[in-house]
Amino acid sequence: DDLTAKVLVEINNNIFYRSGDVVQYDQQSFLYFKGRKDHQVKLRGQRIELAEIEKCLMNTSSLVSACTVIKWNEQHLVAYVQCIDVNEELLLQQCRSNLPSYMVPSKFILLERFPLNPNGKLDRKYLPQPEFSSLTTDHNASVPSTTLEQQLQDIFSQAFHIESPPIEVPFGQLGGTSLNAILALTLIRQQICTNADILLLFSNPSIRQLAKAIEPLLIVNESQNTIITSKQYNETHIRSLPSPLIESVGIILLICQWVLPIIIIINQCQPFLFLILPIFHLVLYIFCSRLFSFKNNKPDNIFSWNYYRWWFLDRLWNNNRFWLQHIIGTPLYNNYLRLCGADVSLDAHIYSTSMDAPWLLDIDDGSWIAGQTVFNCLHFNNDNNTFQLYPIRIGSNCSIGARTILYDGANIENNVIVQPMSSVNGFVASQTIIDGDDDKSSSTNTFMTYNNRSLSIWHKIFQVIALCSLICVHCILLIIIYKVYSIVQVPLPIIIAFCWTLWSILGCFISISLLKFIVGSCTAGEIYPIGSWSYLHKLWLRQLVVSSFHHAWLLLNSYDHIYPIVLRWLGAHIEDNVKISEIDTFLSYPTNLLHFKTGVTTFGSVLLVPTELTLSGDHCVDHITLGSYTNLGNGCSILPGSHLASETIIGNLTRVSRETNSNTGDIFIGAPASVMPFKMPLRLTTTTSAGQMKIIPTWHTCFSHFISKSLLLTIYSLTGIVGMLSIHTILICISYRYRSHIRYPILQQIISRLRQDHQQFICPFLGNTQWLIILFRALGAHIGEGIVIPNFSCLSDYHLITIENDVRLNMHANIQCHSFEQRVLQLDSVTIKSSCILMSGSKLLDSIFWHALFRTYRDKLIAGGLIRLAHDLAQLSGPMILKLVLNFFADSSKPIWLGIFYAILLSTCIFCQIVLLRSYFQCQFLVGLRFRSAITGLIYRKSLKLSNSSKQETTTGEIVNLMAIDASRFGEIMTQMHILWSAILYSYKYMVSMLF
């Protein structure tokens, strides 16, 4: 209390701390620093008491009679020692043993007598000036002994601006600062070892120490590269290669099964035959699945005959997904899956078509599966260059949220709830709720029963009537278009393009009219049981209308200014300057429950989940409120009840729900969303035109759509199918290569439409083939050999992508080289190393990093284990010694010296436990801290490579969430290691305690 009172002072009823700085206070209330009240100095960010260094030097030897320490040129500490026959090395060792590294003087000057003033006090003005140029000659170990030390010496010379720095001297004593250390670390990573981190540099500050620490990392790198090289060399001759002949024949068959029926219908001049087209395609897939599908769960080589059998069926299914969107959620879809070979109950509710092997599905009664759920049965194994198909089973009365990924033989028992954007593989027990990576059990009575989830016969009749009514609407559209086609006498490509544009315009008007007057609005907080009329009317019918007219909305561009107008007409509360990339997801949500404030921006693949799953298996709708200037990143999902504050940024692949609490400027990443420890800079009140997205007039949009379709159909009619495919592809490649030279907006829109048509009508036939790889290379991507890419949409910004050999991408994997923050486009390159497998939601780290960490900290880990073993043995011996003490007191015939011996032995055992436990935790804490720092540094470096934050400090991306996830998992692993470390000894100790 006395010491506290001395350093605190009260001024105007406020308590202040006496820092010890001497300042001058002028009449204008300015403070001028004059110095220190004591001899404390600040060097390289550290406050140093010079008296402590002087005290340490005085304790070196009795031959030291006086000493003083001064700060020299803001970079060094210089110690002047008055002594007789004292070696400078002895003083240096004394300081290193008793002082922190930053308090060790850089220079020792030995004097027989200090200069004194007339009063007999030290005269600092006459102390000899230090010569730091002689540091190199003062140390014998200044010549590097290895090539690695020579490289490090050159780097230290460049970073710390010292010619030939000593080998044994820490860089802190050479005048190095933290900025110099960062520069040295950057040079080490560039020239010697990419795995070096800042903790390694500060733990080994001298060149020799750093060389010894880096050497194990280099050995591991070299051995790993040797193993990989030899493995690739040994396996090159047994790797199967893709077959261009089989792929070409398969693509021709896929094109013919689509084009030939259309040509026949056009020649017959019967537009009503278009209604038979989806039936033909769906029946053809049933026939092919019965012919080519296989259910044996055995590995087979990639690019084998079985692989191409699966590939052909996958392309057929992918091309039929538009037709299937009209029957999802109905018994018709369940029956169709059964005809394809799946074991699906007729009372299941399936709203997803994203599956690569439908015949391997097993779904029981009453299960509800949301849209965009991924059934990933295909599994690649790059170790032996094989693939394997795993069945996926879902029990009864399960609820699977939107964008859930089921892969690697997921086996879900009954009554399981999976929240949106979760990944599931392996076995999942009954009564479980899966939320991201977390599983928790639930009570049985919270789940719906089978009967309450089944649709009655009247519900099924309603679905059939709705489908028939929608078909009639499309027939009326076809009649109108056909009348226009038969009246207008213009060239065929132009009239077809005009009818195409007219159908898109009419389709947009009809779809929003159906949503407005037939489907209607919803009430916030209302709950819809699956087997109810309200669910079919408000939710299922809305999804049916939106999916049926999806291609009509392709008429408009992304961020079209008509999107907010349409949503306002449907009842949404949308303010000015709102930019929406895709309108489909907003139409699928009850629009009257949307509240968007000024400046909201939503980017590609944003999903507004229409309903929220309740614990009873029902569906709840609620408001979604987005504050002003909120940004929704690519692939994020927003659940009902979400409320986001102003200036909030939602990262890619992030799930936001009503439990997400946001404040102004927060950044959320992950599923479920987690707030990041940093914020974006607040938006300036004055915005420039550069930050605003361009508004394209509606007539420009329709005109570019008409011109692009006319050009496309003209090419088709003049060159035939083969020539059309070639010319269209060449035109797309040339336009992308020279996109920077295209200046006119209308020409940019026409080319963009041609790319969209190419991606929609040609690229689906090329998926998972080498022809798609050739197309990517023509667009500028750097892609190696043996690559498997499922769809054209998996890559974007092709000129920035580098993919090495034998990389496999599963369905819905995506490589993206751009990001948006506050409506600003940012680009950065992405590199995928060889033999990687990219699955939906997968995260990969190099195993070499763990070997290097173990090699670096092996001695400390072994020492910690031996200390813990000794502590456990002492702890195990305690009860046994205590039993001997109790027996001594019970038996009066035993000698007294034996009791004293037992007491001393018990005290020694307890003392050893305390000392060993303290040593163990100290050792493990240091190692754990370094492990955590190294892991966090590795993940952060990977995030810098995969995002653009190396150039823009405020850039966000979903990869940053890896830091929080891996830190949490590492903490869990360390906890389990502590538990399992001494499990056998603990069990034996408890058995002994019970016996005693």
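Glycine residues also receive a Cβ, built from the backbone N, Cα and C atoms like all the rest.
Curation plays no part in TrEMBL annotations; they are all automatic predictions.
If you look up TrEMBL, you'll see 143-218 marked as domain 'Carrier'. Taken residue by residue, the domain 'Carrier' (143-218) breaks down under DSSP into 46 helix, 0 strand, 30 coil.
The domain 'ABC transmembrane type-1' feature in TrEMBL is assigned to 862-985.
Distant neighbours of the transmembrane segment (245-266): 273-274, 276-277, 280-281, 284, 308, 311-312, 315-316, 319, 721, 765-766, 769-771; these residues of the same chain sit at least 6 beyond its ends, with a Cβ under 8 Å from one of its Cβ atoms. Look at TrEMBL and you will find 245-266 (among others) tagged as transmembrane segment.
What TrEMBL lists as transmembrane segment is 272-292 (among others).
Sequence-remote contacts of a segment are chain residues at least 6 beyond its ends whose Cβ falls under 8 Å from one of its Cβ atoms, and for the transmembrane segment (461-482) they are 271-272, 274-275, 326-327, 329-332, 455, 499, 502-503, 506-507, 510, 514, 533, 536, 540-541, 544-545, 548. Here TrEMBL flags 461-482 (among others) as transmembrane segment.
Among the features that TrEMBL reports, transmembrane segment is placed at 494-519 (among others).
Per TrEMBL, transmembrane segment is recorded for 711-734 (among others).
Sequence annotations record features per position, and here TrEMBL assigns transmembrane segment to 896-917 (among others). Sequence-distant neighbours of the transmembrane segment (896-917) (same chain, 6+ residues past either end, Cβ-Cβ under 8 Å): 867-868, 870-871, 874-875, 877-878, 881-882, 884-885, 888-889.
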**Report entry** Same-chain residues at least 6 beyond the ends of the transmembrane segment (272-292) whose Cβ lies under 8 Å from its Cβ atoms
**Finding:** 257-258, 261-262, 264-265, 309-310, 312-313, 316-317, 319-320, 323-324, 336, 339-341, 358-359, 471, 475, 478
